[in-house]
Structures are given as C-alpha cells and as structure tokens.
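**Student:** Have a look at this one.
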C-alpha cells in the first residue's frame, strides 16, 4: 500500500521490486514528457495500480458481513485478505525474476487481467472455503504487477521524467487500495457481499482494460537468462547483515499490525458504536494520512536521520493504538489516524533504508523487504483474528501494542547500529 512519489532508488509502500538489472543508468534514453508514449505509459501504470491494489484488498471491508452472513469467525473471515497477501508475498520474488526473461510489460498485463477475471468469479463462491481459495489464486496472479511495475517504469521512462510517472503509479496503488474498501462497503448499504464484490471487480476490470489499451510496447527490454539460484543466494546472504535483517523484521511486524487494525476495526465500530457498513467504509479514508506521512518522511529523515525518523514514527504508532481502542469515537478515530501516520512514516523510512544498505543488490534487498511486508500482513493478520475471537477487542489491542513494542526494539537496534557504523 503506497502513498507518495518515490525516487526510483527507493521502495515505497506496496510499490514493487526495483530491478538491479535495469538499463536506465547506462542508457539515459526512454520516454520523455511531451513526447509520444509518455502519457500513455504513465496512465497505463496508474490504471495498473488502481486495478491490482483494488483487487488485493477487495474483501477487507466485507469481513464483518462475511462473519454475519456465513457464520465465520473473525480469523476465518480474515483469511480472505491473508490468503491473497500471503501468496503474493511468496510469489513476488520468483515472478520478478521471471519478468527479466519473459518481459515485464507482458507479464504485468497478463497478471492484472487474470487476477480480475478470477475476481469476477469470486461472488459465485458457494462457501467461505471457496472464497478463500479464490482469493489465494487472485493473490498469486496479481503478483506480476507489484513485482514488475517500478522496474518497467525505470526501464521505459527517461530518468528526468521518472519521478512524475512513478508518482502516478504510487497514487494508483493508494487510490486503488482505498477504493477496494470504499466501493464494497458502499454497496453493502443496499445489497449483500456478493453484489458488493462483483461491482468492485467490475471497476477493477475497467481499470485493467484501460491499462492494456494504453500500455505501449516495451522498447528497451533485453531478455536475460533465468538466474533464480544466484538471486536467492544473494537474498539469503543479506540476512547476515543485522541492519537489513532488522529492517525486514520491521516491515513484517508493522505491516502485520497495520492490516490487523484495519481488518478488525469494522467489528469494533459495529459492536461498540452501531455504525452501518457504509459509514464504517469511510473509516478507510483515514488511510490517506499515510499519503501525508510518506510525503514528509523523506524530509524528516533528512533533518533528523533515518534512525530517529523511524523511531518517531514508531512512537506515534504506540501512542495511537491505545487511543484507537477508546470507547469514545472522538478519541478512537484520531487514534487510528495517528497510528496510520506513524506506520507509514516507519515504512517509508525503512523501505528506502533497505536500498541504501544494499547498493550492489538493491533489487534483491527490496524484494526481500517486500516479501516480509506482505508475509506480516498475512501471518499476523490471521493470528490477530484468533486473538480477537478469543480475547475480544481489548485483547487484540494489547497484542498489537506488544507487537509494536517489538518493532520499536528492532527500530532502536537498527538506529544504534547505524550510528556505530558512522562512528
């Protein structure tokens, strides 16, 4: 889930795996603003972000309804999100390697279209098990977009014009993920979860058709031999660097907590405040605080240093979580907003720091970080459902605060190691 314009050397939330083999650095050519193809390429990637991240999070706002209508526990309902993000986490690294051989643009279009076609079939699921299985398949198929999009832009767009094009793609990720929650929750006001999911997937289909129609042919792609073994060995060696390992752990924990909060917030708002699904869906607008946080994270890092900036974001998350648990709506909503701002501050700093610590293997390091990021969403999101079902909302909040404190300890360790490395 990403929120702001990112320079090509960094990884923002939910963007993708930058390729360590891009030719942009050696060949400064590529599409330029105002020339044929640039606008089409930028808009195609905007549509790709809208379609893929809409599809990825299309069931999150439906979870309380799935519990009520299908007799599922919160943990079982959360599998409709965790299955998609978990399979995506496993697939994103090998898919990024395959794209170096078969072509990023081709893989991206096939991936987006296949994921949406599966999504259009999801409302026909006869049981929760079939829905979860379909979501897992959707997560596998959609992996081609975040795995290749940033590298495709870096390959096809001139470096001078790349930040703007990258920003459009990132905006598509943010808005796509947001609409994946807002559209279904709005439809729930007058229909069940099946029409809600179908209408949302129809929107994703329209975005995918726009992407396929607009995307220009790759002009600068050079196929490479498949080298999965060396890539995996490089990624394994990176875990020996305790700073990188700490950042991987931070991505895992903070994304897991973030998704857990938004997964089960709807249950709390329904039980405690009696809000209807349409109003609960609007809570996801607080996600836009992440846009502001990501935009300011770079400035904060430049002023205070990456370690301090990350600790500030972690502290905001720690403070925001208990406020989010409040029985007063006027305290709970600012608490969610504060937590969201803190999470995106941590995530923006950490993801960019990964690339800086591995300049000779930036693609592999960023790919590992992204895999940990989505694994946290899947594993911790599912475990949090069991905590919610067993111990209620208060138990869930205590569990999430404990996880955040572990993340804070990792952030402090990475910051301390960075200071020692400079000394």
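Just so you know, glycine gets a Cβ as well, placed from its N, Cα and C.
According to TrEMBL, the protein carries these features:
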type: REGION; residues: 1-31; note: region 'Disordered'
type: DOMAIN; residues: 40-419; note: domain 'Major facilitator superfamily (MFS) profile'
type: TRANSMEM; residues: 43-63; note: transmembrane segment
type: TRANSMEM; residues: 75-95; note: transmembrane segment
type: TRANSMEM; residues: 107-124; note: transmembrane segment
type: TRANSMEM; residues: 136-154; note: transmembrane segment
type: TRANSMEM; residues: 166-184; note: transmembrane segment
type: TRANSMEM; residues: 196-217; note: transmembrane segment
type: TRANSMEM; residues: 244-265; note: transmembrane segment
type: TRANSMEM; residues: 277-297; note: transmembrane segment
type: TRANSMEM; residues: 309-332; note: transmembrane segment
type: TRANSMEM; residues: 338-358; note: transmembrane segment
type: TRANSMEM; residues: 370-391; note: transmembrane segment
type: TRANSMEM; residues: 397-415; note: transmembrane segment
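Help me picture these features in the structure, burial and contacts included.
**Tutor:** If you take every residue in the domain 'Major facilitator superfamily (MFS) profile' (40-419) and average the pLDDT, you get 89.
Sequence-distant contacts of the transmembrane segment (43-63), counting only residues of its own chain at least 6 positions beyond either end whose CB sits under 8 Å from a CB of the stretch, comprise 1, 14, 74, 77-78, 80-81, 84-85, 88, 108, 111-112, 115-116, 119, 131, 135, 138-139, 142, 145-146, 149, 152-153, 165, 168-177, 179-185, 188, 193, 196-197, 200-201, 203-205, 207-208, 210-211, 214-216, 262-264, 266-267, 277, 280-281, 284.
Long-range neighbours of the transmembrane segment (75-95) within the same chain, counting only residues 6 or more positions beyond its ends whose Cβ lies under 8 Å from a Cβ of the stretch, are 17, 56-57, 59-60, 62-64, 66-67, 107, 111, 128, 131-133, 135-140, 142-144, 146-148, 228, 231-232, 235, 259, 263-264, 367-368, 370-375, 377-379, 381-386, 388-389.
When Cβ-Cβ distances below 8 Å are used as the criterion, the transmembrane segment (107-124) is approached by residues 48, 51-52, 55, 58, 95, 98-99, 131, 134-135, 137-138, 141-145, 147-149, 152, 193-195, 197-198, 201-202, 204-205, 208, 211-212, 215 of the same chain, each at least six residues removed from its ends.
Within its own chain, the transmembrane segment (196-217) is flanked in space by residues 31, 37, 40-41, 43-45, 47-48, 50-51, 54-55, 58-59, 62, 65, 105, 108-109, 112-113, 116, 119-120, 122-123, 156, 176, 179-180, 183-185, 187-188, which lie at least six positions past its ends and keep a Cβ under 8 Å from the stretch.
Proximity of distant same-chain residues to the transmembrane segment (244-265), defined by a Cβ-Cβ separation under 8 Å and at least 6 residues beyond the stretch ends, is recorded for 60, 63, 74, 78, 81, 85, 238, 280, 283-284, 287, 310, 314, 317, 321, 324, 336, 339-340, 343, 346-347, 350-351, 353-354, 357-358, 365, 368-370, 372-377, 379-381, 384-385, 388, 393, 396, 400, 403-404, 406-407, 410-411, 413-414, 417.
Sequence-distant contacts of the transmembrane segment (277-297) (same chain, at least 6 residues past either end, Cβ-Cβ under 8 Å): 1-5, 12-13, 61, 64-65, 174, 177-178, 181-182, 184-186, 188-189, 262, 265-266, 269-270, 309, 313, 333, 336-337, 340-345, 347-349.
Long-range contacts of the transmembrane segment (338-358) within the same chain: residues 3-4, 6, 9-13, 18, 238, 241, 243-244, 247-248, 250-251, 254-255, 257-258, 261, 286-287, 289-294, 296-298, 300-301, 306, 309-310, 312-321, 323-324, 364-366, 368-370, 373, 407, 411, 414, each at least 6 residues beyond the stretch ends and with a Cβ under 8 Å from a Cβ of the stretch.
Residues 11, 13-14, 16-17, 73-79, 81-83, 85-86, 88-90, 92-93, 146, 248-249, 251-260, 263-264, 267, 347, 351, 398-400, 403 of the same chain lie 6+ residues outside the transmembrane segment (370-391) yet bring a C-beta within less than 8 angstroms of a C-beta in it.
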**Student:** Report, as numbers and ranges, every residue of the chain located at least six residues beyond the transmembrane segment (309-332) whose Cβ falls under 8 Å of a Cβ in that stretch; write 'none' if there are none.
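**Tutor:** For the transmembrane segment (309-332), the sequence-distant neighbours (Cβ-Cβ under 8 Å, at least 6 residues beyond its ends) are 250, 254, 257, 261, 265, 268, 272-273, 293, 297, 300-301, 338-346, 349-350, 353, 393-394, 397, 400-401, 404-405, 407-408, 411-412, 414-415.
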